[in-house]
Structures are given as C-alpha cells and as structure tokens.
Amino acid sequence: MGGQVRVAIVGAGGRMGRTLIEAAYHQEHILLGAAIERAGSSLVGIDAGELAGVGKLNVIIMDSLDYATDDFDVLIDFTAPDASIVHLDWCVRHKKAMVIGTTGFNQAQKIQINAFAEQTPVVMAPNMSVGVNLMWKLLELAAEVMGDYTDIEIIEGHHRHKKDAPSGTALKMGEVIAKTLGRDLEKCAVYGREGITGERDRETIGFATIRAGDLVGEHTAMFADIGERLEITHKASSRMTFANGAMRAARWVVEQKPGLYDMQQVLGLN
C-alpha cells in the first residue's frame, strides 16, 4: 500500500498498548489516528505519544471508539476476549478492518469472530512475530518427518501477569503438529502431569507452562526419541516484535476483502 494507514489502538495504556503506540510512531507507513482506554481510566486525556515515551503526537487518549470514528482505518486490539468481541462488533458496524492479537478466546467466541469476519476484513493470530510464524512452518516439517515415532512436548514461558495458559502460541503449535499428524488436539493434548501417570502414550502431545518474572515469551517444541531429540525454540526478548508484526498486518488487511485471515497469509507463508 502506497499511503499511510491510520490505526487506532485499544488498551493503549497497557504494556502492549504502549509498545504498539511506539511501533506506530517509528513506522513510515503507519499513522496513529486514535488511542483508546477504558472509561474511568486515569490515562484518559493524556497524549498517547508522551505516555509511550516517544514525545507528543497530538493524539489524546479517549475512552470510546465513538469519538474516533473518522480518525482511523484499522483497529488493533491486544486486550481481552470479551472486550475484543465488543470491539469487533463496533468495527463491523462502522466498516473498519481489525487486527486481533488477543488470546484466550473460547469456542463460542471464535464462532462469533468467524461470523463478524464475513462482514469486515480481520487478521487474527495468537502471535504476530515473524519468527514464530516461521516456526509453525518448521513444525509442520518436523512433524512430517519425526512425529510418528517421537514423544512430542511443548514448553512455554511468559511473565507473571499473563492470564491464560497454555499460551495461544503454544496451543497453535500443538494444532499445527496435530493437524500434520492427522490427530485431534482436543483428544491427544495432555496439560501438565501430576502423580502416578503411567507410561507415556506416544500419541499424546504434552504441554508444560511456566509463569515467572518478566519473560516476554519463550516456546519450545521437543521431538524426543531414544538417543536423540530435536528442539525448535523461539524466544522473544521484546514486545516490539509483536507490535511490528501487528503494524505489518494492519497495512495488509486494509487491502483485503471481508474474511478471517492469519499472519501466515500476511507473510505469504502458506
């Protein structure tokens, strides 16, 4: 896309929201059009750029998207499942594209998102990082070659404030591996182990979760056999990698027809 894409960021005062504001500031083809916080927040009325540490941007944090209807083309949302559904409904009614980085949606909410996406273009991904999306492609290859005869474990770690577990990225890793092997993740996933569990079933995919300190995000898939194991690992050291991916998705999604897309499509990996 040749011109600038105007973005609005909801949850602007959170850790990820501030990083998104900073990312928008540094990208030539992105213009921050609006920044939104919840009603009653002490941050309402503050300049978004000053909040994010990039200097004054003359974009004042507001408490409703209704005040910014004409100020943006794409809404970027890394908030919470219930809030993201409300924001997507708003985008459909106001003909705005949306980028969703929120994780933790239940099945009913995923069905809602699919229905809304029939009316407006939406990019939704549990992880916007280029490296993570490449990792998912590598997992397909590893599962094709080694998946049938190895024990598969997925280990993920995040900061102490993360609310959902396992992470959306870890679940996507499991889905990619299970699909490649012709398995149903809901039936073969094992989430943590305790007590006398008996011998491991090779058809299962194990998940282990770490929540500690300020870990940004670490994910490892292990394919373990007798005598050797393959580990595919991605480590994020800054939230900026997710924010930059979201900006890339925003530039891409404004040119798409209504539909539900993922970062694999944004990056041309599928």
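If you go along the chain as it appears here, the first residue is 1 and each next one adds 1.
Cβ atoms are placed via backbone N, Cα and C, with glycine included.
Features reported for this protein in Swiss-Prot:
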BINDING   Gly11, Ala12, Gly13, Gly14, Arg15, Met16, Glu37, Gly101, Thr102, Thr103, Ala125, Pro126, Asn127, Met128  NAD(+) binding site
BINDING   Arg38  NADP(+) binding site
ACT_SITE  His158  active site, proton donor/acceptor
BINDING   His159, Gly168, Thr169  (S)-2,3,4,5-tetrahydrodipicolinate binding site
ACT_SITE  Lys162  active site, proton donor
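Within 10 Å (C-alpha to C-alpha) of Gly13 (NAD(+) binding site) lie the following recorded positions from Arg38, His159, Lys162, Gly168: Arg38. Of all the recorded positions in the record (His158, His159, Lys162, Gly168), the one with the smallest CA separation from Glu37 (NAD(+) binding site) is Lys162. Rounded to a whole number, the C-alpha distance linking Gly11 (NAD(+) binding site) with the residue listed as 'NADP(+) binding site' is 7 angstrom. Summary of the (S)-2,3,4,5-tetrahydrodipicolinate site environment: with the site residues His159, Gly168, Thr169 set aside, the chain residues having Cβ atoms within 8 Å of the Cβ mean position are Thr103, Pro126, Asn127, Glu156, His158, Lys162, Asp164, Ser167, Ala170, Gly217, His219. For the recorded positions Arg38, His158, His159, Lys162, a Cα-Cα cutoff of 10 angstroms around Ala125 (NAD(+) binding site) retains nothing. When secondary structure is read from DSSP and collapsed to three states, the residue listed as 'active site, proton donor/acceptor' falls in the strand class. Comparing C-alpha positions, His159 ((S)-2,3,4,5-tetrahydrodipicolinate binding site) sits nearest to Arg15 among the binding-site residues Arg15, Arg38, Thr102, Asn127.
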